[in-house]
Amino acid sequence: MKDLLNLLKNQGQVEEFDAIRIGLASPEMIRSWSFGEVKKPETINYRTFKPERDGLFCAKIFGPVKDYECLCGKYKRLKHRGVICEKCGVEVALAKVRRERMAHIELASPVAHIWFLKSLPSRIGLLMDMTLRDIERVLYFESYVVIDPGMTTLEKGQLLNDEQYFEALEEFGDDFDARMGAEAVRELLHAIDLEHEIGRLREEIPQTNSETKIKKLSKRLKLMEAFQGSGNLPEWMVLTVLPVLPPDLRPLVPLDGGRFATSDLNDLYRRVINRNNRLKRLLDLSAPDIIVRNEKRMLQEAVDALLDNGRRGRAITGSNKRPLKSLADMIKGKQGRFRQNLLGKRVDYSGRSVITVGPTLRLHQCGLPKKMALELFKPFIFGKLEMRGLATTIKAAKKMVERELPEVWDVLAEVIREHPVLLNRAPTLHRLGIQAFEPVLIEGKAIQLHPLVCAAYNADFDGDQMAVHVPLTLEAQLEARALMMSTNNILSPANGEPIIVPSQDVVLGLYYMTREAINAKGEGRVFADLQEVDRVFRAGEAALHAKVKVRIHETVNDRDGGSVKNTRIVDTTVGRALLFQVVPAGLSYDVVNQPMKKKAISKLINQCYRVVGLKETVIFADQLMYTGFAYSTISGVSIGVNDFVIPDEKARIIDAATEEVKEIESQYASGLVTQGEKYNKVIDLWSKANDEVSKAMMSNLSKEKVIDRHGVEVDQESFNSMYMMADSGARGSAAQIRQLAGMRGLMAKPDGSIIETPITANFREGLSVLQYFISTHGARKGLADTALKTANSGYLTRRLVDVAQDLVVTEVDCGTEHGLLMTPHIEGGDVVEPLGERVLGRVIARDVFKPGTEDVIVPAGTLVDEKWVEFIELNSIDEVIVRSPISCETRYGICAKCYGRDLARGHQVNIGEAVGVIAAQSIGEPGTQLTMRTFHIGGAASRTSAADSVQVKNGGTVRLHNLKHVERVDGHLVAVSRSGELAIADDFGRERERYKLPYGAVISVKEGDKVDAGSIVAKWDPHTHPIVTEMKGTVTYVGMEEGITIKRQTDELTGMTNIEVLDAKDRPAAGKDIRPAVKMVGLDGKDLLLPGTDVPAQYFLPANALVGVADGAQIAIGDVIARIPQETSKTRDITGGLPRVADLFEARRPKEASILAEVSGTIAFGKETKGKRRLVITPNDGSDPYEELIPKWRHLNVFEGEQVNRGEVISDGPSDPHDILRLLGVSALAKYIVNEIQDVYRLQGVKINDKHIETILRQMLRKVEIAESGDSSFIKGDQMELTHVLVENERLSTEDKFVSKFTRVLLGITKASLSTESFISAASFQETTRVLTEAAVTGKRDYLRGLKENVVVGRLIPAGTGLAYHSERKRRREMDKPTRVSASEVEAALTEALNSSGN
């Protein structure tokens, strides 16, 4: 009996392991796995259904078909366990062994493994230094390869076709060895001496000059070193023994009607066995060479198809013309082993049902149908029934439950008390898509969901379904309650703002009760306290909207945790006073003394959470909801067709527009305007008309006339149902109301261009047939877009999760002093995001000083909370260096200080938080809200005039930032740098707006000047680029000869003459190489030098420049010598929305990217080559000049003799992130990418915290490229993991050796995921075959550091509560390590001990 118990016990012993290694299997290893050789292609006997002996399902090899029963039935039952039947040869064991026992096939001729042959780069090809084509010709018996040339003139590895082979045979006889097929390849691989080759390559690489050659050699070297280090032998890439999968993993299932369903693998194996047996027979018969060769080739093809069908040639198809599923197909793709069964599994104790509203639930509850609860909690009920003695055995309990006896329901209620369940709605786009609730038993069959969590789930009640899961163990229940309970997830992890916010009906109810109406019943009364208001309202003596005075008692908490009680009389309305009753103590009355629109309610909940804490907020949110529902019911707001009031002015506006359009049409007909201008003007007109109609409509809707209590007619905000819905933010928007009651406006054609004739009707009037037809396109496109968007957005999320999955908070502080410089985010002069918002929840990296002093006001290491934000804004600080995930120096993972605040909890992030996944979810989840389209700039948008001045919006003080300028005689400043900015600060010194100043801008104010709102402080000509002098002197023309390099032209209007420089291709031969310039000379006739340099002040003039000064003229500082006309910039399409975000994360190089200066120095133009300009930058430090060829059509922002700094823009265009990283560094890159991505999301009104984008960026910057290898084992140009290089460099510097130098590399998220250290994670992401091939050849180890790898091997993930488990395991293992001591050490210690005791 004891034996029996042990038998059941030893099934699940746990193997402790820390890493998984993948490698090539040697033939010996394959034989050692095997339980016998499969010799026949038969599967099962069609009459008896018993497996055939030696066949693919043979019971002798793979084990019995039934538990503990041999095939012939001689031995049955457990007592014969382990006996091998002498009659049928089957071991008596569990049938389960048929899932684990493998067999093998001895191949009659070796076969190359297709993965190592065809998966690029071909590993066999690299090792043998042959092209894939050549190897294939050998393998598929088209040519011979020389294996051993002997004393002949042939070379090893040389290919010979039939003719050449026979010629060689005649010439040399048996002196050489040349063969074909996989055996030849195997011989060659076997003959490679790795050590010798590695040495040879290491010597050869430094001596080669060509880049491509070096690349090829270092690839080969890497592969050889990998083979040497991993213990794999090259010849193992050619199979001599083929393993056979256990039969239960490729089942053969009898269907009714005598047919069988079989796994495709059986067909593939059958082909291999058939061909192999035939080949054996042919070899025994010593058949003619040509027949044997053909059979060998067929065997090679059969094995190829088994391993990876369709990789070479046409895929082998089954009876139904469908390609057979090979071993490779089993593991790759969405339906493969990795993604289907290892990363996503189905779980028991779960159910799903439709959801409905549960308006009476509390926030931590959900309604669970009794039927579902009974099924889900069955084991608990059985246990309880037995414990109570209501049932004697589990079987009896089961019967009771099946009969649904009354006591079962009592027990159920007891079992589910405080036992949380998890509710999940697919698609689970972020972690709030699964939350825990306490179940409340309900009748009916639908799950009831609390309305406030709908926003987090993105759920609505139009037929959505949700799944319920039961956490079984105590630990699981604890985690569900502590971490996943809906009441613990009030803030969104994406932006730290409340996600439990009322919407729709609740908002409408709260808005309705806090509106005021003129002359309502009870207006002007004064109440002693809130109770009195309540009584009077219930008695019907005062209306809900009446303006009254109320004495209130409030307790206001301040930031420091203290509170102040005060009593005051406020002017308010009855409704607001009633609402204040549910507001928790600690908040001021002012929070409700306003119409509660959606934004205000959200702010209120946020404030409540920050001031009075979680528990109060949860209770308050529930109360708000109940109140909102109650009052929206009382309000009786509904929509009737008469609520859509069409403005009377509509007809007049449309008629006027139609007249103007006719006017433009007639101008076009008489040729005064072009087609394009007409189109733009018409579109412009109609857009204006549409805006006017909607303005008229909204002003109509939003006001109504009433008589106040003095009998005077006054305007008050309207109580129109539709207006209230839109105004409160409950439902609808001005744009939607415009289509209902205004006019629908302009529509787009399928190609995206706008149709000139708008739809003047609205939905209330109804559309004509033509109007309806025009509008169908847009509607259908919208639906098609949505479907595409969902797929694209999901794919983006998947890539993001994959790149960031192993990023976990692993320590408190990495001790770095680096960080990112945070400044307010400015767009078009306005501050879009003030500094306070950007630093909230971050840790300060370096002390912040009070402006203009040495006093530290915020010490480094401070976590900035709301209190500090106020403080920073009070002290008008405009830049702060904060810690960031990008600059964190933690080796594996990230530290809590660099990450800062956990946005969903409001305090510093805990160790073990999976911040990478949270970042990926936060960015991916709103993906479906982004647009898919590319904005074509057309119509009204393309004609926005180029900016030509800075007009300030707010009064304040002028500040100039890194602006190089010269002062003109009239006192104005002229900008002579490209990156200057002008900012306006308010009286507190806070920056309100900031503008870029182009080169040549004339600035009419100076640093520190006060300006009023609306004043123009700088001006420039947007259509020309001036060349400004920085000194005064006399102009001298150089190389400017009329008719050769220049031409004079007279302006017809003004009569002024201009000199225009001719383009080189328009000049006569004499002028081709002359470079016209304007030189400055002093009074003594000597050349003037540019200030601070020894470069003569001469300005070379590019083609088409207009010179405005005469030869010999005197000019002053800041005068314009010449103007270069700017071609009006081509209207570029702005890629918006989701595609733009994907491009940024994939780090794609844009087309026609902007060109940046590679070094700091002086610009010059060298000799032009065909269609390109040669730009030369001479560095100021005297190093070698840098040259670059730039296409002629690119417009350059720089001119000869100008100073540029490294990374400055030379030619405009979209920025290339790789250039920014290379020239300006990591923080500039971070700033660029964060701002670009935020712009896309901000356009859709989505808030995401910067740190999530930085977290993904950290993962994209994991790799470095080796620039100099030093004494390390790295090869120049290798891409290595940053941490790996740093560890190696530390080791080298302790040994006083030369460390390697490297540059940071930016990888796109797909590439970064595939180049991760973990091959399991990479293989389960994409390109499974390639990843596994590479990992096997190099014998990679996966140390299971990320989350994904651990899910795949079925362990707790090293994040959250799992991190503690992993670190505890590590600690235990360190303790258990045996310490090895040598005998001599023991002896020495003993003598020492004896001596000391002797003394």
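Backbone N, Cα and C atoms are what each Cβ position is placed from, and that goes for glycine too.
So that you can see what the record holds, here are the features copied from Swiss-Prot:
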{"type": "BINDING", "residues": "Cys70, Cys72, Cys85, Cys88", "note": "Zn(2+) 1 binding site"}
{"type": "BINDING", "residues": "Asp460, Asp462, Asp464", "note": "Mg(2+) binding site"}
{"type": "BINDING", "residues": "Cys814, Cys888, Cys895, Cys898", "note": "Zn(2+) 2 binding site"}
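Structural mapping of features recorded in Swiss-Prot.
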{"residue": "Cys70", "record": "Zn(2+) 1 binding site", "CB count, 10 Å": "25"}
{"residue": "Cys85", "record": "Zn(2+) 1 binding site", "CB count, 10 Å": "20"}
{"residue": "Cys88", "record": "Zn(2+) 1 binding site", "CB count, 10 Å": "17"}
{"residue": "Asp460", "record": "Mg(2+) binding site", "CB count, 10 Å": "11"}
{"residue": "Asp462", "record": "Mg(2+) binding site", "CB count, 10 Å": "5"}
{"residue": "Asp464", "record": "Mg(2+) binding site", "CB count, 10 Å": "17"}
{"residue": "Cys814", "record": "Zn(2+) 2 binding site", "CB count, 10 Å": "19"}
{"residue": "Cys888", "record": "Zn(2+) 2 binding site", "CB count, 10 Å": "25"}
{"residue": "Cys895", "record": "Zn(2+) 2 binding site", "CB count, 10 Å": "22"}
{"residue": "Cys898", "record": "Zn(2+) 2 binding site", "CB count, 10 Å": "30"}
Checklist entry - Applying the rule Cβ within 8 Å of the centroid of the Cβ atoms of Cys70, Cys72, Cys85, Cys88, what extra residues of the same chain belong around the Zn(2+) 1 site? => result Ala59, Leu71, Gly73, Lys74, Tyr75, Lys87, Gly89, Val90
Checklist outcome for this item: Those same-chain residues, other than Asp460, Asp462, Asp464, found with Cβ within 8 Å of the centroid of the Mg(2+)-site Cβ atoms are Ile355, Ala459, Phe461, Gly463
Next on the checklist: Using the Cβ center of Cys814, Cys888, Cys895, Cys898 as the Zn(2+) 2 site position, which other residues in that chain lie within 8 Å, going by their Cβ?
Outcome noted: Glu811, Asp813, Thr816, Arg883, Pro885, Ser887, Glu889, Thr890, Ile894, Ala896, Lys897, Tyr899
Next on the checklist: Around the C-beta of Cys72 (Zn(2+) 1 binding site), how many further C-beta atoms are within 10 angstroms, looking at every protein chain?
Outcome noted: 14
Item to check | Cα-nearest neighbour of Cys888 (Zn(2+) 2 binding site) within the listed binding-site residues, Cys70, Cys72, Cys85, Asp460, Asp462 | outcome: Asp460
Checklist entry - Taking the Cα atoms as reference points, how far is Asp464 (Mg(2+) binding site) from Cys72 (Zn(2+) 1 binding site) in Å? => result 55
Item to check | For Asp462 (Mg(2+) binding site), the three-state class that DSSP assigns | outcome: coil
Item to check | Cα distance (Å, whole number) from Asp462 (Mg(2+) binding site) to Cys70 (Zn(2+) 1 binding site) | outcome: 58
Item to check | 10 Å Cα neighbourhood of Cys88 (Zn(2+) 1 binding site): matching binding-site residues from Asp460, Asp462, Cys895, Cys898 | outcome: none
Next on the checklist: Nearest of the binding-site residues to Cys814 (Zn(2+) 2 binding site) by CA-CA distance, picking from Cys72, Cys85, Asp460, Asp462?
Outcome noted: Asp460
Checklist entry - Using DSSP, would you call Cys898 (Zn(2+) 2 binding site) helix, strand or coil? => result helix
Checklist outcome for this item: For Cys895 (Zn(2+) 2 binding site), the spatially nearest of the binding-site residues Cys72, Cys85, Asp460, Asp462, using Cα atoms, is Asp460
Next on the checklist: Tell me which of the binding-site residues Cys72, Cys85, Cys898 ends up closest to Asp460 (Mg(2+) binding site) in space, Cα to Cα.
Outcome noted: Cys898
